[in-house]
Amino acid sequence: MLAEAPIGKLLIKLSVPATLAMIVNALYNIVDAIYIGQGVGFLGMAGLTVSFPIQMFILAVGQMVGIGGGALASISLGEGDSEKADNVAGNAYVLIVILGIAIMILGSLFLDPILKTFGASSDVLPYARDYMSVIFMGAVFFSFSVVGNNIVRSEGNAMVAMISMMIGAGLNIVLDPVFIFALDMGIRGAALATILSQFVSFIYLLVYMYSGKSIFAIKPHHLRPHIKYMKEILSLGFPAFSRQVGGSILAIFLNNSIVHYGGDIALSAYGAINRIISFLFMPMFGVLQGFQPIAGFNYGAKRFDRVRESIKIAQITLIAMSSFGWAIAQLFPALIMRLFTPEAEVIEIGAHALRIIISAIPFVSIQIMSASVYQALGKPKPALFLSLLRQFILFIPLMFIIPAVTGLGLTGLWLTFPAADVVSTIVSIYMLAKLNQQMKIAQENQDALPSQPQL
């Protein structure tokens with residue numbers, strides 16, 4: 001299927017289930033924030049804002065192992081090495097359990113210092129503590145689900161991954177009002193709903209793994225830790241990890257800067273915007289999850305023409321999706337912000353910030369596509385560079401320079417987003433065009449000669 005089916009139809013088949021699941025997952029994030037913003041107030045929303053990048057760190061660990069393991073397994077399947085693919089999948093599961101337990105222990109031990117580092121004021125700290133104390137306890141289930149979905153998707157079974165994600169997100173949406181309002185647990189109830197939902201998703205994936213329906217035939221000996229495979233998994237997944245963790249580290253500087261210029265109210269507004277941006281990007285990540293096994297398999301099979309075609313179709317799709325989201329957010333910013341809070345000042349700050357922050361989102365789709373291409377092809381170094389470019393190399397310096405030079409304060413801080421987006425996109429276009437030319441030449445050589453030269 002991955003080697004012969006038309007790329008367009010194949011991308012639809014693999015990405016639509018992932019995209020639907022991502023939309024449901026993003027909807028959960030939106031609904032979660034709406035319940036807390038409307039039911040707990042702006043301090044609860046600020047506590048969620050502080051907690052979000054820490055939660056994304058846990059997700060990043062899962063993505064590192066899941067995307068790295070999925071890419072390596074997909075390439076192994078493309079090369080016809082099913083035994084290696086089984087070993088990779090088994091080691092990915094073992095690795096995430098180890099890392100999940102480590103996160104649970106360390107996060108629980110150093111909870112308050114972590115929250116203060118991410119910008120929690122004395123007023124916000126109790127809310128953030130109530131939320132993250134529960135999230136850390138369920139870190140294994142949260143991260144395992146991410147890994148399992150990526151491994152399942154690497155075998156071309158996007159439907160199982162979609163069902164798993166929809167179980168987790170859908171159950172979360174249902175449980176949120178029960179725990180937050182009916183049981184009067186507030187923000188702690190939102191966290192408990194999240195962990196219980198991920199636990200159910202975790203059980204579903206375990207049942208599928210050992211149902212005999214998976215391409216992967218994971219036996220006990222495949223669960224034996226192999227340093228070689230774990231290193232390869234971490235190497236391939238590290239760009240995705242760095243991209244997510246880059247956002248978490250960035251949040252340390254950004255949250256504290258927001259509090260400096262605008263206080264807890266501005267932090268609450270940014271929390272809503274962060275969820276909106278996540279909602280805009282989730283469908284795009286669904287397309288990329290469908291794209292990855294196509295590109296990885298055909299790259300392993302030396303079908304560079306199909307790799308190039310998959311990149312082109314996926315990129316056009318991402319630009320169209322991001323442009324649609326951009327238009328909606330530009331036209332109705334205040335209306336969108338009212339979903340999250342009834343407080344006029346938060347709405348005013350948030351509507352102004354939203355228009356600025358998402359102004360270059362169509363460009364960002366090119367940047368994330370470029371990083372994903374290198375990652376899918378098993379090229380971690382350029383993928384890592386592109387992942388770090390926007391969030392570290394550009395954003396952090398600009399975050400201090402632009403407000404200081406312009407004297408615009410909070411508005412200057414918001415302008416950092418489009419500035420970093422545009423510059424990183426220019427670099428991404430150059431690198432992607434160069435890679436495309438290399439694959440074009442390699443395919444011409446492949447067609448002319450019996451052996452394939454190394455890229």
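Quick reminder: no glycine exception, Cβ is built from N, Cα and C everywhere.
Keep in mind the model is a prediction, meaning the values are calculated, not measured.
Listed by sequence, the residues of this chain that lie at least six past the ends of the transmembrane segment (12-36) yet keep a Cβ under 8 A from its Cβ atoms are 5, 44-45, 48, 149, 153, 156, 158-159, 161-166, 168-170, 172-173, 176-177, 180-181, 187, 190, 194, 271-272, 275-276, 278-279, 281-283, 285-291, 293-294, 314, 317, 339-340. The transmembrane segment feature in TrEMBL is assigned to 12-36 (among others).
The transmembrane segment annotation in TrEMBL covers 56-78 (among others). Remote same-chain residues near the transmembrane segment (56-78) are listed as 2-3, 84-85, 88-89, 91-92, 95-96, 99-100, 103, 135, 139, 142-151, 153-155, 215-216, 229, 232-238, 240-241, 243-245, 247-248, 292-293, 296-301, 375-376, 378 (criterion: CB distance under 8 Å, separation of at least six residues from the stretch ends).
Taken from TrEMBL, the feature transmembrane segment covers 90-111 (among others). Non-local neighbours of the transmembrane segment (90-111) in the same chain are 54, 58, 61-62, 65-66, 68-70, 73, 129, 132-133, 135-144, 146-148, 151, 218-219, 222-226, 229-230, 233-234; each lies 6+ residues outside the stretch with a CB under 8 Å from one of its CB atoms.
If you look at the transmembrane segment (131-152), the same-chain residues 6 or more away from its ends with a CB under 8 A from one of its CBs are 21, 47-48, 51, 54-55, 58-59, 61-63, 65-67, 69-70, 73, 89, 92-93, 96-97, 99-101, 103-104, 107-108, 111, 114-115, 160-161, 164-165, 168, 187-188, 190-192, 194-195, 198-199, 201-202, 205, 208-209, 214, 216, 289. Look at TrEMBL and you will find 131-152 (among others) tagged as transmembrane segment.
Sequence-distant contacts of the transmembrane segment (159-183), counting only residues of its own chain at least 6 positions beyond either end whose CB sits under 8 Å from a CB of the stretch, comprise 17-18, 20-22, 24-25, 27-28, 31-32, 35-36, 39-40, 145, 148-150, 152-153, 189-190, 192-194, 196-198, 200-201, 204-205, 208, 289. Positions annotated as transmembrane segment by TrEMBL: 159-183 (among others).
Residues annotated as transmembrane segment in TrEMBL: 189-212 (among others).
As annotated by TrEMBL, transmembrane segment applies to 233-256 (among others).
Per TrEMBL, transmembrane segment is recorded for 276-301 (among others).
Residues or ranges marked as transmembrane segment in TrEMBL: 313-336 (among others).
Positions annotated as transmembrane segment by TrEMBL: 356-377 (among others). Sequence-distant contacts of the transmembrane segment (356-377) (same chain, six or more residues past either end, CB-CB distance under 8 Å): 67, 71, 236, 239-240, 243, 273, 276-277, 280-281, 284-285, 288, 291-292, 295-296, 299, 307, 311, 314-315, 318-319, 321-323, 325-326, 329-330, 383, 386-387, 389-390, 411, 414-415, 417-418, 421-422, 424-425, 428-429, 431-432, 435.
Per TrEMBL, transmembrane segment is recorded for 384-406 (among others). With a threshold of 8 Å between CB atoms, the same-chain residues lying at least 6 positions outside the transmembrane segment (384-406) that come near it are 238-240, 242-243, 246-247, 249-250, 253-254, 257, 261, 364, 367, 370-371, 374, 412-413, 415-417, 419-421, 423-424, 427-428, 431.
Nonlocal intrachain contacts for the transmembrane segment (412-433), taken as residues 6+ away from its ends with a CB within less than 8 angstroms of a stretch CB, comprise 254, 257-258, 261, 311, 352-353, 356-361, 363-364, 366-367, 369-371, 373-374, 382, 386, 389-391, 394-395, 398-399, 402-406. Under the heading transmembrane segment, TrEMBL lists 412-433 (among others).
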Mind checking which residues of the chain, 6+ beyond the ends of the transmembrane segment (189-212), have their Cβ under 8 Å from one of its Cβ atoms?
32, 35-36, 48, 130-135, 137-138, 141-142, 144-145, 148-149, 152, 160, 163-165, 167-169, 171-172, 175-176, 178-180, 183, 218
